[in-house]
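Structure record follows, encoded as structure tokens.
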């Protein structure tokens, strides 16, 4: 009989990966690490022999393609005016080479030393880099992957400046000692020619001129070299006669020098904010000195000094005045003024303020020859966090629209999602609605950095990347080709009211900074339903429309916390907590449409959300439009916990989300809350941890009754509405829901959740309040697994050891500490067998927790689409509880043939289309059920992956067929079941940087 195994087929980022299996085997590298069946596997529920496995290690290969986004910590800039390609060096030793959109190459110095300067060998496909470790490197760009041809290390001197004249074979290198060395660019070795500093300056000068800050050849004579020293000394050196033709001195430090194209004049920028223009015929003093931003004194004295001008460029035009462009030089009396670039054209002075400090800039000219009119047409400005190109051909100096994905981190990225093989019409649709929202005022000319060539390659399927940001924005990117193009930008903050300056907080925010930060996203490409969970404990459901609308935004408030000390304890003979559903049906309509939440009796009635949804009609342009906002509310002055899991299903019309306190299920079609319940209450009598009720002694009996959930499909909305003190159906006192607080002392973080409490050691009296403390500012940092609770499972010793792998705590922890919050870490809607005895699949919600528990909830949907808008959806626990080691990350369902079963979905239709306004708007659903029509469709397989292991269960028998311990020394951050080459595999990303792929092997 064939066995159903996991086998690792990829671990390509590192040489070895600590992977073990439950059967004692381990392996690393491609093709290693076979997985042995668990002890409970049997003949029942094993895969059919018809399952054909096609994946092998040969199908997987790690290949670096491209890095998207802005270069980290840029330091240098270079441009080839003939090839029209741009190079950017960074502090980490990286070089990014950019050309036309799609041309993007990444290179890295092995030393990791910062790049000080870059010089192109113009039109020769080569690049020279000077690094902070005093090494020069010659890069060959004429091959597919640029590589270093030669390197030259300076051992005794520090490199400060380099210059490579156009079409020259000599590279001039200035040093910190003031000497100038000459390198042969072909052999890349030093020549014996060295211009010593004491030879360059006058013999009568005894002071050291400082480091070399500038080197350039004369436009008229390439045999003449201009050397600028830091202290203000300028030497015009004749390379042939090996002597100085002239020397000039200025009493302010020099930062840069620029030639006039005729070679008779040059301009210097200085540390006092001045520009000096020198004539070679009279080098004794500058014939023109200006301080562009200095205030003119009334008595005719020299203008006040300004900030240093760090760089100046002097470019001439044939039919107009020359351009003088410089960075810095602003007045000291405006200390808060932003960094700026100044453009002087004739008598006109234009100051362009930047959002970030200027690192470097270059003027792009029509000719590479220095002795011709330069005819500048653009300026490339490299900022610390941006790249800007200014159009010089228009008087208002507009900027070019940047085609590169430079602004990925315009606002810090807080979450990402990737979607492959999307519906082909999605990318054009998103681009069309996104184009309408683009900023105006860009230059109408083509992007000037247009060099290089690229091809699409063989892969042409649509790919979309979605990024969520700290400012609440969401960006959709087309990643189908090598390039990354932004399609559409959505601002989630627009559904909330802006707080006016000077007003007190109408709602107490749990996050002072970035209250709209996107924490989680869920997208259904087929139905175009998009859902966002924010850091301020809210969920927004968006629907896509091509039409503009003006409407109010529906909102719901959900309560996942309440005080247990004040719950009224009923007598033992009180009616059961879950009465017959029929007795509660008349009360449903009175509550289903309500958006108000009433606090439990005896507690402060301050149930307010963290943010205020706009109550007035809102204009929504074409694109994604908010359909429903769901907010968790404060309870007794304590904030709601942040959302840790999110799932949406368009076919069911449901959205589910959970946090450290529990789970909520909302019907976004009827705009009602179906379920709002603590995590432990979801288990009912099936809790494998055998935890005692957490409520005080006076209400313990009542609490135990509430957690004994029946298997009947009773609407939990009705169960929540039942009064704890009466069994009458028509009585609704001021209790909407009964939940129990989860006492915790410590952290409860996992790869899918944030910190849930302060982690301080508290007394028993303080625990009930401390467990609901908000986490403050969301820690957008690397997630990590942390101890949650000490547990005791009624299973074998080996399983007990697995489930308490890192969550056990000190034996001195009190019983209150051990009652930990159990976060909801994974949610998944699918058609599956909810119970062992089920003979057919049904709609289910699979719930995974931070303690490795999997709970299956049954969904009872109306039989027909006509009743979907009026009849309630019933949610009930199935009694099924499965266990894994570590927080649950993902679920997947395979049919009996081993094919991945996709979630049901609704085919997209425009909710505001005028074409079918008079027609019945009937939904078109695609259910993707297993092959029930075939004689082999009597079972399916559930694949569950946690941060530590993966398991395969056979359904409906719920037999654990196989288990694989993915990692012992680390934990998974992300996992997903994907289809490759018509086969299924489990892809995992580990916190130690490993990428692993496990296949389902029949052997």
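Glycine residues also receive a Cβ, built from the backbone N, Cα and C atoms like all the rest.
Because the structure is a prediction, the values reported are computed rather than measured.
The feature region 'Disordered', as given by TrEMBL for the ranges 749-784, 785-820, 821-856, sits at 749-784. Per TrEMBL, the stretch carrying the note region 'Disordered' among 19-47, 48-76 is 19-47.
Applying DSSP to the repeat 'WD' (247-288) sorts its residues as follows: 0 helix, 22 strand, 20 coil.
Under DSSP, the residues of the domain 'Lethal giant larvae homologue 2' (290-398) split into helix, strand and coil as follows: 0 helix, 49 strand, 60 coil.
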